Every structure is written in C-alpha cells, then in structure tokens.
Amino acid sequence: MQDGAGPPYGPRTVQIDSADPGGAARLVAEMAGIDPGLVIIFGSPRDALAPLARALRAALPDSRVAGCSSAGEIGCHGYCTGQIVAIGFPRQSFRAEIEVLRNLAHIPVSDWMAQLRRRHTAFAGDRDKAQFGLLFSDGLAGKEEVLIAAIEAALPAMPVLGGSAGDGLEFTRTCLIADDEVASDIAVFVMVETLLPVSEVSFAHFSATSTRAVVTAAIPDQRIILELNAEPAAEEYARLTGIPEAALTPSDFARHPLLLRMGRRHHVRAIRARTEDGGLSLMSAIDVGTVLTLGRAEDLTHGFASALEALPRRPLMVLGFDCILRRLALERAGLMGAMSDLFARFNIIGFNTYGEQHSAMHVNQTFVGLAILPPASP
C-alpha cells in the first residue's frame with residue numbers, strides 16, 4: 001500500500017494493488033482516519049471495485065463514495081496499472097452530494113436536468129466557498145456530449161469536469177460507483193463544496209496540419225465513420241498518414257488524431273479502433289459532412305509542465321483525467337517515466353479515461369485536471 005499524505009485539511013491518497021487480499025481492509029482503515037466527506041476510487045480490474053466500494057460504505061456510512069473503472073491509473077508515483085487509487089476528501093474542508101443519471105441509452109434529458117436542479121437546490125451551497133462538479137460516465141455508452149450539455153444547461157454557474165470510465169484496452173464493460181451502487185449504463189455526478197481554492201488545468205499535445213478530410217458516410221449514433229473523402233475510412237486515413245492500413249495500431253491513432261475545429265480551437269475526435277468492415281470507431285460524436293483535420297502530436301511533456309507551473313501556488317493535489325491515448329503516445333515515445341515524474345511532482349492523482357469533459361465539452365486525447373490549492377497567505 002502507498003500513501004500520499006499532506007496537511008490534514010487537504011485530500012489524502014491511498015493506493016493498493018488490486019490483487020492484494022489485505023489491501024482493501026488497509027485502505028478502508030486509512031480512509032476512516034481522515035473522516036472523509038467524500039471518497040473517490042478508480043481502478044482496474046473492474047471486478048475489484050464493487051467489494052471495496054461496499055466496504056467503504058459499511059465502514060463510513062456518513063461518507064459519499066463515487067468512482068469508476070479505468071483504462072489505467074495515476075497513483076502516488078505516476079502511471080500504474082492493476083491498482084486501486086482512493087482519494088479521501090476530509091469533511092472539515094469538503095462537502096459532497098451524488099446524483100445518478102440513469103438510462104443513458106434512452107437519453108432522458110428532461111429527467112436528468114430536473115434531477116440535477118433538485119439536487120443543487122437541496123445542496124444549498126455557501127457563497128463564500130468554491131463549488132465544482134465531477135462527472136463519471138460509462139465510457140462505452142457514447143453519451144458524454146448530451147450528458148455534459150444537460151449538466152451545463154441545468155447548472156450553468158457550476159464548473160464541471162470529469163472522465164469517461166474505462167476498461168483497459170478491452171472496451172468490453174465499464175463500471176460506475178455511486179455509494180452502494182455499482183453499475184454500467186449510468187453516469188455519476190458529484191457536487192462538491194470546499195473552503196479551499198480550486199483551479200482547472202487542461203492540456204492537449206497536438207497541432208493541426210493542412211491535411212483535411214470530409215466525413216461522407218457514417219453511423220452517428222455509434223460514433224463510426226464509414227467513409228472519408230468518399231473512400232473507406234480506414235483506407236483513406238492510412239493514405240493520409242502514410243501508414244499501411246494493415247499496420248494501424250492504437251498508438252498510430254494517438255499520434256495522428258482527427259481534429260474538429262470549433263471557433264478558434266481544434267478539438268480531438270480520437271479514433272478508438274478500425275472496424276471489421278474498414279470503418280473507424282471514434283471516441284466522440286461525429287456526423288456526415290463534418291470536415292476533419294489531421295492532427296500532429298507535439299511535445300508531450302514540456303507544455304504540460306508549463307501549464308502546471310502557471311498555477312498560482314503548488315497544489316495540494318490535482319485530480320486528473322488523462323486520456324488513454326495520451327498514455328499510449330507517451331509509452332511509444334519512451335516518456336512514461338518523465339510524465340510520471342511530473343505527476344508525482346505536482347501530486348496528480350486520477351485515472352486514464354475513454355474521454356474527458358471540461359468547459360461544457362466532451363474531448364479526447366487531453367489531460368483535464370482540477371488543482372486543489374492551499375489557502376492563500378494572508
């Protein structure tokens with residue numbers, strides 16, 4: 001077991017190996033020692049999470065518990081796999097409530113918005129404290145865009161960020177945690193109030209090239225591109241990147257993302273996989289007629305360090321949501337160790353996602369984080 005301790009008013013991190021038979025009991029004991037108002041857990045494999053969530057609730061019935069399965073973890077010393085990472089938020093500094101948004105397949109937006117407004121009214125925040133929302137959603141349901149739009153419409157004044165639950169590179173089934181409930185096909189929204197300052201951080205390591213392609217055939221509700229430039233999508237993507245179609249791998253998709261321009265910024269429409277019929281399965285929404293630009297990966301570490309160093313103070317912790325495709329790109333570039341050192345230096349704790357949410361948008365191949373800062377000096 002590894003422990004990331006700080007001042008008593010700040011978040012506390014505990015990390016265990018998911019295969020350790022005594023790890024769960026030790027994790028629960030560590031969390032009980034800080035009297036958490038909220039415990040967030042991430043980890044893999046997914047089947048290890050349900051017993052731990054229930055043990056936490058049994059030992060800490062007055063604490064809220066939320067989290068999800070991951071595509072990889074960010075623990076006390078950076079990237080890791082096969083671990084369970086828990087973050088306890090002490091009650092003296094944090095207050096939280098949880099709302100479960102169900103039935104993602106049928107998109108009951110009006111119901112979700114009504115739920116969120118009722119919960120926020122009951123939450124009755126203190127104007128002198130910071131509030132933020134955390135969204136954990138089923139990364140295989142493909143409903144992040146509508147979820148984040150519904151939350152933005154219902155709670156426009158609340159900053160919200162989050163990550164899509166993962167399942168390693170299996171893409172089979174994810175799980176979400178909301179107190180005693182562990183399920184798929186749901187989203188878990190956590191409202192948090194804290195007396196500590198918070199600051200959002202985001203970083204994407206790509207730039208646009210001059211190469212463009214038009215989506216000429218697609219299955220939008222499945223996020224699948226069938227054709228680019230009136231050619232089979234995978235074949236045309238391979239031609240544009242100069243990589244043989246048969247040799248395409250997830251790392252290639254990570255190095256050469258498809259970008260969608262919105263306003264003055266480009267946002268990644270990341271490729272999850274090549275489909276059996278030669279299409280491209282994406283991790284974000286797509287539609288026929290969309291003009292996409294081929295992206296080029298830039299420096300993976302320098303700009304990230306600059307974004308963190310721009311924070312007003314060294315954070316107590318950064319809650320991090322990091323796209324699995326970023327991790328794959330770092331692995332291919334031999335930079336996993338360097339990025340893990342940065343994570344440890346700035347106490348970044350979190351997980352690798354199938355998608356990230358911030359600024360009322362669902363994005364890919366991006367790091368999104370919430371820095372929890374110490375109080376400003378008088």
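Backbone N, Cα and C define each Cβ position, glycine as well.
Automatic prediction, not curation, is the source of TrEMBL annotations.
Residues annotated as domain 'FIST' in TrEMBL: 35-232. Per TrEMBL, the feature domain 'FIST C-domain' maps to 233-360.
Taken together, the residues in the domain 'FIST C-domain' (233-360) have a mean pLDDT of 91 on the 0 to 100 scale.
Broken down with DSSP, the domain 'FIST C-domain' (233-360) shows 46 helix, 40 strand, 42 coil.
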